[in-house]
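Below is one structure; the comments refer to it alone.
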Amino acid sequence: VSQLELGKPEQKRKPEKRVNGIFWIILLNIGIFVADHFFKVNGVKALYLYHNWPVWYQFVTATFCHANWNHLSSNLFFLYIFGKLVEEEEGSFALWISYIFTGVGANLVSWLVLPRNAVSVGASGAVFGLFAISVLVKMSWDWRKILEVLILGQFVIEKVMEAAQASTSLRGGYALQNVNHIAHLSGALVGVLLVWLLSKVPSGPSDS
């Protein structure tokens, strides 16, 4: 409870939003990384997305796998920031749906575009999807949310434009790329698509 809320009667305090979903996603990413790179558990490599002969579940499981510690730590940093924003606005279930939907969408586009000898791992596609979603769900005329959108938006636009520029340069030598910019760009676009689709779903009658 914030300091400003302490002096209020308990019944008048704002309900505190519990944010748990993002921590479970982070723990799952860390757990799979530890099992893969520290304990060398047999079968974890089967969770990677192998483009030459993919299994359907690999499009999901590859979003929880990472190539090395730097890959994992950078993804977890942004995942925490933008995943937490999405969960605070829309709830845990929406966060999980957003993570899976954008991650699978990014992997699917990567599989369609990248060469057959490629292997896709990482939460980057889902992270970029959460970038886009966290900005779109905060669109409001409230000046504080406008400020948040401007801060987040300029960062998202910069990163998406970098990904778009990088993806256009992949035509000549994408087999040598270690960073899957196709997944970054497609993850952000899938996030925009998800928000647009949900905005078209009719809401129920309001009790007020």
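Here the Cβ of each residue, glycine as well, is placed from N, Cα and C on the backbone.
These numbers come from a predicted model, not from an experiment.
Copied over from TrEMBL:
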- 56-200: domain 'Peptidase S54 rhomboid' (DOMAIN)
- 21-39: transmembrane segment (TRANSMEM)
- 59-81: transmembrane segment (TRANSMEM)
- 93-113: transmembrane segment (TRANSMEM)
- 119-137: transmembrane segment (TRANSMEM)
- 179-198: transmembrane segment (TRANSMEM)
Original post:
Counting each residue once, how many in the domain 'Peptidase S54 rhomboid' (56-200) are helix, strand and coil under DSSP?
Top reply: 116 helix, 2 strand, 27 coil
Subject >> Contact yes or no, the transmembrane segment (179-198) and the transmembrane segment (21-39), 3+ Cβ pairs under 8 Å, gap 6+ >> reply: no
Original post:
How does the model score the domain 'Peptidase S54 rhomboid' (56-200) in terms of mean pLDDT?
Top reply: 81
